[in-house]
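Taken from Swiss-Prot, the feature coiled coil applies to 27-94. Residues or ranges marked as compositional bias 'Polar residues' in Swiss-Prot: 100-130. The domain 't-SNARE coiled-coil homology' annotation in Swiss-Prot covers 159-221 and is backed by sequence analysis. Feature annotation from Swiss-Prot assigns region 'Disordered' to 88-130.
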Amino acid sequence: MSNLLLIIDSVSQKIRDRRKLEEFGQNPDEEIESSLKDVRQELQKLNEEQSRLEKNAQIPEYRVRESEAFLIRMQRRLESAEEEFEKQRRASSIPADGTSAFSANPQVASTNNKLTPLPSLQKTTSSSEGSDIEMEAMYPVDGNDPDPINVNVLAQMHQQMLNEQEESLGGIEASVQRQKRMGYAMNTELSEQNVLLDNMNNDADRIERRFDHAKNRLNKVSRKAKQYPRCFIILLLCALLLLVASI
């Protein structure tokens, strides 16, 4: 289906650019006719595939209707392209006297016959005319849209987008889990550091109390020495004698 869409888009663009190519001295008619022939062959294959789908009871009805709607849509686009091609050829083949070259040139007339749709495609279109209204109600076509998107293609694109979003969400979830584990590890480390700081504060308080106690003793000794200077000198000399004697 995608190949057929590409071919129709390509031949439609060639038809639109036909006049510009003729101005540069090129003749794209043979290439356009070949492309139109390829489109008819692809439509013939789709017509045969549609017949097989309709005969297969295991195929869901919506699948058959989607395929039929796509086939009708492509047939209409082919007819529109052929009509535009014929209009341009008629316009470019009318000489100054107003007579048409198609009536005088049998080769051009035979080429005209090549552009008629295949009988099998005419049969498919006529057999599906009764369900055109239903098909258009189920799959409305925007007249301004040159390339309507098939429902299956749209569903596949939507599913692919959902899968990509799911993968992205999975990556985000894994990243959040890693950050969560890192947060737990940092919390544990901070708790250990808090315990260590508490122990250091306790040790500092204990040392400070010892210094205060020693300071109080020194102050007490200093007051005693001021009250009894002679006794203090005697005690100091005795301490020195004991120290010398021990050496």
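Any Cβ shown, glycine's included, is placed from N, Cα and C.
For the domain 't-SNARE coiled-coil homology' (159-221), the DSSP-based tally of helix, strand and coil residues reads 63 helix, 0 strand, 0 coil. Taken together, the residues in the domain 't-SNARE coiled-coil homology' (159-221) have a mean pLDDT of 87 on the 0 to 100 scale.
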